Amino acid sequence: MKKVIKKIALAYSGGLDTSIMIPWLKEHYEHAEVIAVICDLGQQEDLDAIKNKALKSGASKAYVVDVKNEFATQYLWPLVKSGALYEDQYILGTISRPLIAQKLVEIALTEQVNAVAHGATGKGNDQVRFEYSIKALAPQLEIIAPWRTWDIKSRQEAIVYAKAHGIEVPVTPKAPYSRDHNIWYISHEGGVLEDPSQEMPNDVLLMTAPVSQTPDEEEVVVLDFKKGVPVALNGQELSPVDLLNSLNQKAGQHGIGVADIVENRLVGMKIRGIYEAPAAAVLYKAHKLLESLCLTRSTLHLKQSLQQTYANLVYEGRWFSQTKQALDAFIDVTQQHVTGCVKLKLFKGNIIPAGMHSPYSLHHPELATFEEDNVYNQKDAEGFINLFSLSAKIYSQVHQGGNYD
């Protein structure tokens, strides 16, 4: 027997797609009640207007949930501590998807809904990220993905549907790019960007100045970390949200944090994207420098070997997984002594190290110096080298010089 769905919680963005989903869901599920869930991730939009639009589109309720601080502390700071970059380039701004799914589920359970819905298309990664998280958090909820089932196939058809249902459609040219924005990044896809042979146009960037338009003087920033987490900027302790906003502004005006990449989507295709993440780029650089000072060689190398695994987990939306929990436990141990201060210069798209110190620094000048010292006995190296190279020596003897061609 088909399950009767009377109430649906919809992850709502305010765009054309999720706006027409409200009447569509009510039509296709016997006039079910639709509750819109809007997450404030620092996307710098008029969220009150978006809430009103949801209600005008037919939602019975619309929640606006401020998750900026939670996003920073529970998602972005673990990401910084991990040092993970997807395919060594992508700063993983879509880490917001599991958080959106989490809030959607929380409200769904509070409102006792039968199902949840999202606006991700059937060609992208987000459908996987949302649905993986929902199934992990509330497997009893039914998931509705209209883009995979409805007959609307184009923007023009969506506009016709919207007008037929009294949904306001702004009379403006279609944006040339598809964008996603939160406090961590802005992504740009589509339009001319779909062709990797074409240079990025000047009109793409919103948060970052083109290098040709950056100041001719460098700017110094100082970041303090405690157990791998950024806590202060230029000597001033700031909330996570304020720190990110301030650093985005400072680094953005110097043209820092722009990535033009072709990435492998989870669903099998390659896609080109432009990503702006000024604060993220600076934080990653500073954190990496501090780790080089505070972690042992074996710990640092093991952590680096796991970074792509962590990046894959985030990219694929497997935030709520046992594997991710286990990796977090390891990373947290590595960060116990990643405390200190890093000084950087920002100039013409470059992040230049300008000094760092930590009470837990493993760098000892008396050992590393090229001058005469009374600490390191260079004769000790001979025995180490003999043992370290013993297997190579034996192999060469057995194989009469070895064959390494």
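Placed from the backbone N, Cα and C atoms, the Cβ positions cover glycine too.
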Recorded ATP site member, picked from G83, G93, G119, G122, that accompanies A11, Y12, S13, G14, G15, L16, D17, T18, S19 in Swiss-Prot: G119
Closest of S13, G15, S19, T121, D126 to E263 (L-citrulline binding site), Cα positions, binding-site residues only: D126
Helix, strand or coil at D126 (L-aspartate binding site) [DSSP, three-state]: helix
Three-state secondary structure, which DSSP defines for S13 (ATP binding site): coil
Residue from G15, S19, T121, D126 whose C-alpha is spatially nearest that of S187 (L-citrulline binding site), among the binding-site residues: D126
Between T121 (L-aspartate binding site) and G15 (ATP binding site): CA-CA distance (Å): 13
Site extent for ATP (largest Cα pair distance over A11, Y12, S13, G14, G15, L16, D17, T18, S19, G119, Å): 13
Cα separation, D126 (L-aspartate binding site) to A11 (ATP binding site) (Å, whole number): 12
